[in-house]
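The active site annotation in TrEMBL covers Ser669, Lys712. Marked as ATP binding site by TrEMBL: Gly333, Pro334, Pro335, Gly336, Ile337, Gly338, Lys339, Thr340. Taken from TrEMBL, the feature domain 'Lon N-terminal' covers 3-191. Annotation source TrEMBL lists domain 'Lon proteolytic' at 584-763.
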Amino acid sequence: MELPVIFVASGVLLPGASLKIPVKSKLNVRTIEKVLSRGVVANNYVAIAYKVSSEKVYEVATIAYVEKLFGWTLNNSTQYSLDVVGLHRANIEKLTIPTCTVSKIVDPKEVNMEPREKLITGAKSLASNSTSSSFSNEIHNLIDEQEYGKLADLCVSQMKSLGFMQHLEFLGTKTVEQRVELCEKWMTDIGDNNNTLQLKVPNSLALANGNQQKKLNKRKIPNAKTQVELLEEKLDAIEFSDEVSDRVFSELQRLKNMNAQQSEYNVLVNWLELVAALPWSTSTVDDIEINKSRAILSDSHEAMHDVKQRVLEHLAVCKMNNSVKGMILCFTGPPGIGKTSIAKAIAQSMGRKFHRVSLGGIRDESDIRGHRRTYVAAMPGRIIEALKQCKSNNPVLLLDEIDKLYSGNQGSPSAALLELLDPEQNSTFHDHYLNMPFDVSKIMFITTANDIEKLEPALRDRLEIIEMSGYSLNEKLKICENHLLSRQLSKHCISPDYVNLDRTAMVTMIEEYTMEAGVRQLERNVGAICRHVALRLAEALNSDPGADVLPEMELPIEISDADVHKILKVKAMKRVRIVEKMRPLLPGVCFGLSVTTNGGRVMPIEASKSKGTGKIVTTGHLGKVLNESILVAKGWLSANAERLGVKTFEENDIHVHLPAGAINKDGPSAGSGLACALVSLATGVPLRSDAAVTGEISLTGHVLPIGGVKEKVLAAQREGLRRVVLPKSNEEEYSKMDLNIRQEMDVVLADTIEEVIGAMMENSPVLAKL
Ligand SMILES: Nc1ncnc2c1ncn2[C@@H]1O[C@H](COP(=O)(O)OP(=O)(O)OP(=O)(O)O)[C@@H](O)[C@H]1O
């Protein structure tokens, strides 16, 4: 049989025993990378071969089963750790690295063997000295079944005082008889030397001693004792760095010397439990294949081609670099557009674990870094807690809503994030509770934010920002058909054959019952439809509980747009179309466009005049920049009044109002809209009621670029407007938009205020004077 071969120079794996092999040599690492880590962690068999000198390999090997394979990188080199269980002895026939051909050494049946008293007594003594109940059970089973060869194997694997060569000698024995003899000999030797096995003690005395021991055990506080022992076992199995190891084991020693009644006892136990539960050296092996990643991303997400492309580029760099150090993605955009779900897809395509840490509303630095152990009810921070749950030190960690961190009295959480996300510092991330450095540099951090402007500049500087914008109607339809519907149907346990959701019904659901850039409300609406269908199905089933088929019901249940109105009218608020409410437009009213954290929206601008002295009144919670834009628009109009043949507002007071008065509004992009509203007010000519405008203006009449082009155009489309006037300088962003939207919308690119007014007014005498 041909098996991958792992070389070991100390420690022998006997059949029935298990062994943890830290794989450090290049030869073994290469074997693992070539053969073992190809997508499989367990279900692998290997031959463990023993190096007796630098050139010589012992002729007998162990065929072993790989229970676990861990991989991690240290100083740019990959290391592994194998957990193996011994199965058989085997002769090495041919050694061709990375594999070798071996033939099993088959033991003759053990049934005819006379009971071996010496072996049995020694084994029982070993069992009674052992703390592991599974080991003593196994010993007793083997004694009962008279499997003396296996019993000898198990006993010898526990004789820690034997050397490497002695263990090899034992492995090389060809018959059960030889094995048992050797084992008995060593049991006696050990008994002579240090009494470990206590073989010399007469049976009756040993029994009495055993009883005494049991009584003593009863008197101990069993839980407290076992807890510390278990902790020690767990800690022993972890590979710590020297610095951490010194600290952990000195604390363990302190715990052992402590009285369980002391108040610090539990604090120390909890701390050590955390240390033992953290993945200090446990990582998953990255499995990045660009084609596979591309397929995962496109299967799980509709549209967002630019974002997927950026993500693939990012994954390619991770693959080439074999590291994710210093690459922190930040998905930004309105809610419900798939920021969280694309991060999940990234983790899936890398073969890493995924964990989401929600940072919304955090005010306290200790939420991230933990509390010092001296505080009552101290806890580790969210990062260490996440690592504990992931059980791997290289997960994809999603730091959700980093724009919603606030600074409180207890320090600034953003400052703690700075250290966490700094590639130079995060290999020694310091959690106050853990109070030891933990290497978080292998974690792939992904962050999300609705409003990137709210981030601290230093934090923003660390992030690679990927802007995501809302979806058009067609994109939402595709998402609904291919993802949301099937997800909601399976959530409500409804077969897709039972419902048919009409396309017009979906359009109604999107246009009339949602007003969002993403698809979260849409998913909720689909959920409401599914609940309605579930109710109808359940009612039909109730009428005849024993029926296999649904009685008197035509399947699939057709859901038309009329049904959508019926179902959602009671459950969801029908959206108010502000544009329709304002039509027909009066002179002085203009549709502007703005971007909020919920996506783009159409923002009406209203201007009216009354007799007065040229004063300007503004209402609607306008910010400083917006107020200044009004002055700029008025200034431009006054300067050009003569040319346009309009009166300036010297004998009038002007009132400018932006509805939805409770919402703060600011920013320069309303400049073009304000200029249009004032020109319309001055001339008495209403603006087009199917058009919206956005753009900053200068006093001399130039139209300057703005942000959020896609969001604004999509908002206009959602509101049923046909024309959008954009600054010419934003042409590039506009040209990157979906072809369908560009064909559907009539977008005018303007460089000057005159061009804007030309596009916003039709058939007006003013146009001739421009
Ligand atoms: N392009 C898409 N294709 C398929 N499903 C999508 C797409 N975009 C969003 N979804 C689905 O919409 C739902 C909401 O997405 P998600 O929770 O990722 O939004 P988010 O951007 O993280 O929102 P928030 O900012 O509120 O956290 C999810 O169920 C997601 O699968």
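Heads up, the Cβ atoms here are built off N, Cα and C, so glycines get one too.
Checking the recorded positions Pro334, Ser669, Lys712 against ligand 1 with a 6 Å cutoff on the Cβ atom leaves no residue at all. All protein chains shown were included, and the count of other CB atoms within 10 Å of the CB of Ile337 (ATP binding site) stands at 26.
Excluding Gly333, Pro334, Pro335, Gly336, Ile337, Gly338, Lys339, Thr340, which define the ATP site, the same chain contributes Phe331, Thr448, Asn450, Met468, Ala517, Gly518, Arg520 within 8 Å (Cβ to the Cβ centroid), listed in sequence order. Sequence-distant neighbours of Lys339 (ATP binding site) (same chain, six or more apart, CB under 8 Å from its CB) are Phe331, Thr332, Gly333, Thr448, Met468, listed in sequence order.
Straight-line distance linking the Cα atoms of Pro335 (ATP binding site) and Ser669 (active site), rounded to a whole number, equals 22 Å. In the predicted model, the domain 'Lon proteolytic' (584-763) has a mean pLDDT of 89. Taking the C-alpha atom of Ser669 (active site) as reference, the shortest distance to any of the recorded positions Gly336, Ile337, Gly338, Thr340, Lys712 belongs to Lys712. Between Gly338 (ATP binding site) and Lys712 (active site), the C-alpha separation comes to 19 Å. Annotated pair Lys712 (active site) and Gly336 (ATP binding site), C-alpha to C-alpha distance, rounded: 17 Å. Taking the binding-site residues Pro335, Gly338 in turn, the residue surrounded by the fewest other Cβ atoms inside 10 Å of its Cβ turns out to be Pro335. Around Pro334 (ATP binding site), the same-chain residues six or more apart in sequence whose CB sits under 8 Å from its CB are Asn450, Ser469, Gly470, Glu516, Ala517, Gly518, Thr596, Thr597, Asn598, Gly599, Glu711, listed in sequence order.
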